[in-house]
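**Student:** Handing you this structure, nothing more for now.
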Amino acid sequence: CPRALDPRPSWTLGEVLTELDALEATRRATPPTPLKQQPEWASGGSARKKAFVMRIEEEDDTDEEDDNDNEAARALVTGARFSCNDLECSFEESGDEIECGSTSYHLMEKRSIEKSILLELERDHHLKIQEEVRSKLSSLEVCHQNEIQRAISAFARLQKYAESRKEIDRRLDVQFQRKIAEVLDKHLSMVQRDHEQKSQIVERRIRDDAAVEEAKRREQSMKEEKIKQERARQEAEARQKATAKLAADAQKAAYEAAQKEAAEKEAAKSRAEAVSTSSQIPQNSVAHATMATSTEIKSELPGIKIYADSSALEAESRRRTLHDQVPSNIYLSKEYSRYDRQIGKSISKLMPTTDSVKARASELIKALDGQDCPRPIACRLFADKMISIVKSRNPTDKTFGKLAFACGYVMLLVTNQVPDAMDYLLAEFNKVCMYTVPKHLHALNAQARNTDYFRLIGYQEEDGKLQSTEKYLVNVVAYVKLYAAMVQTEIKGVRHPHGLAEGWKWLAMFLNTLPAIPATAFALHAFLKVEIRIGALCLTICVCS
């Protein structure tokens, strides 16, 4: 078996095709060889005209041609020799035949049986190798086609899987978008429903407020009508009394004229007594203003004169008694220190804005209405923290006026719900600044102008020393501004327990009783400088809305 025809398992399809093409080309290029050499009797010139015709078939023919070739090969092997005495070799005219012309071929010489068998075995082995190669080639082609089909089917499945995944993703995306749209629609509907509910609540509140305002207006008109009727009745009574008095005076004048000559001395005496009585009236009125409490204070600090009205002193005494019922150090107790911190935290957050005023007022009302802390203690803590805002903030700042009005609105809203808190606020005002009474303590001599006197009129200690007069006047102005803001603050539909009427009363007593000194001038200027219009414009809107 030739070495080149030995099949190798590692060959590729291209190598096998190349090898087969090379074998085919070699076979076609090689001329046919005779089986035996030409015998001696055929070498002479008496050769016959007929030639021996041999047909060579291609190896790629059908299986039947291969079988015929095998039978012919067996005939060559089994026969001893050919006798072609009467034959001549020639080629017929055909597309598959080869015409030899005048060339004569002779049969091969006689060979031995062993060589013939060997030749047959070689040919069988050659055919077997070719058949194996063809079968392997066909199997490789089939495997190659199968691989191609599997790859195509796998690619088709992959495309189908990708399309199915795309469809699934599209459906999931559509479902997710539908869910998002449903959730968004639900949220918007809830927001709209909430907005409608809030608008309904606001409208109901507005209607209720309007009804309350209307009821209050009617009540106020009825009260005014009653007051007018009472005033008309009093005027009618006064006129009747005046008429009766005139009649009595006329009768008295007639009686006096009749008795004039008889009692001339007694009339002169009576006129003298009348003159003396009229001269004593203003002295008594001036002394009456200081009679109420001057004796008590002079016993403590002699040499001090009090300028105040008796009604103002009585109100101050009553408020101070109520204020002193709660100890001043109540905030140090563990039981009530929490309420003190809560109230102080709410007041420290107060700003001259709408939201801040509403929030702080509601927090303080809630703190004062609590059941855990007694009402007097809560009111005392509230008053202390509210008035101490002068110390915690800068009174010289330009925004202190707006802050004072914000405090005034908070105090009015709180005292409207908790009326007892107003007395504690006024008592704290009177304690830190005597001009809110109004009252002035005047030292009559140099001995009375000691440290106790300055503490009594409102001077504060700083680092163990009394503060300067300039700082004292700054504090007086700040306290009076805060008091004026509280007095001048008005809220529609809210009753003020210490409003403008009390402010006019305070101003009248201040001008009629207090002396003209720098401190009273600063206090009066601060009270008159506070502009009610600005504060009302800033905060009436926030409270009414």
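Any Cβ shown, glycine's included, is placed from N, Cα and C.
Predicted automatically and left uncurated, TrEMBL annotations should be read as such.
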**Student:** Per TrEMBL, which of 120-143, 264-287 is region 'Disordered'?
**Tutor:** 264-287
**Student:** Of the residue ranges 22-48, 49-75, which one carries the region 'Disordered' annotation in TrEMBL?
**Tutor:** 22-48
**Student:** On the DSSP side of things, how many residues of the region 'Disordered' (213-245) fall into helix, strand and coil, could you say?
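**Tutor:** Each residue of the region 'Disordered' (213-245) counted once, the result is 33 helix, 0 strand, 0 coil.
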